[in-house]
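Here the structure comes first, spelled out in structure tokens, and everything after it is commentary.
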Amino acid sequence: MKNKMLALILAGGQGTRLGKLTQSIAKPAVQFGGRYRIIDFALSNCANSGIHNVGVVTQYQPLALNNHIGNGSSWGLDGINSGVSILQPYSASEGNRWFEGTSHAIYQNIDYIDSVNPEYVLILSGDHIYKMDYDDMLQSHKDNNASLTVAVLDVPLKEASRFGIMNTDANNRIVEFEEKPAQPKSTKASMGIYIFDWQRLRNMLVAAEKSKVGMSXFGKNVIPNYLESGESVYAYEFSGYWKDVGTIESLWEANMEYISPENALDSRNRQWKIYSRNLISPPNFLGANAHVEDSLVVDGCFVDGAVKHSILSTGAQVREGAEVLDSVIMSGAIIGQGAKIKRAIIGEGAIISDGVEIDGTDEVQVVGYNEVVGVATDED
């Protein structure tokens, strides 16, 4: 039986711009909003859009990501006719090859895709924060009789040179693609979300491999090839909240935006939930000295200090006399007595010793996974 659409989430990037936060884990596994990991948004969008088969393409530091995804049950993707498959580089008869780019990762997994037998493939990035109904995008793809549909977001003209820009005609058919142009002709930025007719994409990737034509990345190679070949390529305009959290500053900004009860992600919308794999934790404990204001505090936290406009992830501790302002404290991190944290991201399991001050007023500060700042005590 032919499946309608298979989603492939590209989650193998190293995320070097996130510095210490991705030294031990893949970028899509980085925590967000206290309760989630970044990849939860793409997985939840798939589940909410009625996509039952998902492949997650991994490469760099995949252990935490693989453990988080498991069998897909947290997203309802563990049924008889559904599932999540973790796709990692492997040694084949022609030799061992790491994924060389986004489209090369798809080529290396042709056998898996053929086993699902989809009519369409949906290509997603695993490191963006947003909500999207992919079924609406698929309907647009069908209505336009497109070979390829690219999701685009209207961005300010002054920022357009940071993105791949799609120039379209009056019917939203893409006539030109410009990769990070110095003088952009439009403001329709690619979101890195694509729907392809699978057989057409398959034929192109196989032909390119046989002829040794470089076809490693969608933006650099595949989209220009489709346009040059006269394929019908259309833009799908998205107007909701979307955030590329590939830098420390953008990750911090997205978390701060998420604190607001009226945040653009509409996190309390029960019609489009964001699911995650959440371990059972005890209730929060607020001590006699605790003062919590305008913050998100997740299960299992211990607070006996002051927390303002911040996020405390599962099991985080803010001890007596400590102050946390405009910061993200990830799971299991400990803020010691009298410590002061301002505009910072404190990684999972990190320890900020008693009396330490971290001030990100000029630039958001980061403490890495399990990093110790100051002299840890036996109590830590």
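A Cβ is built for glycine as well, from the same backbone N, Cα and C atoms used for every other residue.
Residues annotated as alpha-D-glucose 1-phosphate binding site in Swiss-Prot: Gly164, Glu179, Lys180, Ser190.
Where Swiss-Prot records a feature, it is marked here on the structure.
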residue: Gly164; record: alpha-D-glucose 1-phosphate binding site; Cβ neighbours (10 Å): 21
residue: Glu179; record: alpha-D-glucose 1-phosphate binding site; Cβ neighbours (10 Å): 13
residue: Lys180; record: alpha-D-glucose 1-phosphate binding site; Cβ neighbours (10 Å): 13
residue: Ser190; record: alpha-D-glucose 1-phosphate binding site; Cβ neighbours (10 Å): 21
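Excluding the listed site residues Gly164, Glu179, Lys180, Ser190, the same chain places Phe163, Ile165, Phe177, Glu178, Pro181, Ala189, Gly219 with Cβ atoms within 8 Å of the centre of the alpha-D-glucose 1-phosphate site Cβ atoms. Residues listed for alpha-D-glucose 1-phosphate, Gly164, Glu179, Lys180, Ser190, cover a largest CA to CA span of 10 Å.
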